[in-house]
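Report on one structure; see the data block that follows.
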Amino acid sequence: MRIIRAKDYQDMSRKAANIISAQVIGKPDSVLGLATGETPVGAYRKLIEWYEKGDLDFSRVTTVNLDEYKGLDKWNKQSYHYFMNENFFKHVNLLPERCHLPDGTEENAEKACRAYEALLRALGPIDLQLLGLGHNGHIGFNEPSDRFELDTHCVSLSESTISANRRFFAPDEEVPAQAYTMGIRSIMQAKKVLVAVSGKEKAAMVRTAFFGPVTPKVPASVLQIHSDAVVVADEEALWKVRDML
Ligand SMILES: O=P(O)(O)OC[C@H]1O[C@](O)(CO)[C@@H](O)[C@@H]1O
């Protein structure tokens, strides 16, 4: 696992976007695994900026997102479909039919997960998987558990994840308690994994996940044994591991 140090959020975003750009330029028909959350938004902005300048072409790229809330459709402003559309998809020349997320409207969890897993397998290994880091060490919505959940599955979100995500919802809106998420296998089979981390509230988890034991109780810790995992983190996120770099 390589750690790339960035000065601040802007620098981290630019560095993460550089890695994604290099992937798309080097392999125009890449399969990109994408993430939601606040952290990757700056990188998406950079990619949009470079696309607008004519430096990037997404017309042959396929995207697969990590997760979606169960029960939310793509017009719901809190859905990850909506988030991805607003923050990235609609601003670049990705073909809509090549942008995939789990189907939050499918009430039958087994059916929804089976369909997404089949899609992931049909597409083959993801070329580059972008990840954020949850406060409790989750990646996608793979929550702390007694075992690594390998396939796409329906997860009951932990209290800490629900409360962390409350900031995206209006006070009177309920945060969904369940989500469909890509499993650890697809993430680990990705040829390259890029974890973007920013801010001092992630510093303790950076130390636990990337310098502690590999355990399903800290899902992100599994990335330590990925053959090509890169963490791009800013100074605040790295302050608890400064002496180890
Ligand atoms: O980047 P943020 O907003 O801190 O979120 C971290 C992680 O938490 C999630 O938003 C889900 O709780 C993930 O999508 C994300 O990777």
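Note: Cβ is positioned from N, Cα and C throughout, glycine not excepted.
Neighbour list (Asp67 (active site, proton acceptor), Cβ cut-off 8 Å, at least 6 residues apart, same chain): Thr36, Tyr80, Leu101, Pro102, Gly140, Phe141, Ala179, Tyr180, Thr181, Met182. Annotated active site, proton acceptor per TrEMBL: Asp67 (among others), in sequence order.
Annotation for Asn136 (active site, for ring-opening step): spatial neighbours Glu143, Pro144, Ser158, Ser160, Thr161, Met205, criterion Cβ-Cβ under 8 Å with sequence separation of six or more. Look at TrEMBL and you will find Asn136 (among others) tagged as active site, for ring-opening step.
DSSP assigns His138 (active site, proton acceptor) to coil in the three-state reduction, outside any helix or strand. Summarising the annotation, TrEMBL assigns active site, proton acceptor to His138 (among others).
What TrEMBL lists as active site, for ring-opening step is Glu143 (among others). Annotation note: Glu143 (active site, for ring-opening step) sits in a coil segment as assigned by DSSP.
When pLDDT is averaged over the domain 'Glucosamine/galactosamine-6-phosphate isomerase' (12-228), the result is 96. Here TrEMBL flags 12-228 as domain 'Glucosamine/galactosamine-6-phosphate isomerase'.
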In DSSP terms, helix, strand or coil for Asp67 (active site, proton acceptor)?
strand
Test of understanding: give the count of other CB atoms lying within 10 angstroms of the CB of His138 (active site, proton acceptor).
27
Please report the number of other Cβ atoms within 10 Å of the Cβ of Glu143 (active site, for ring-opening step).
22
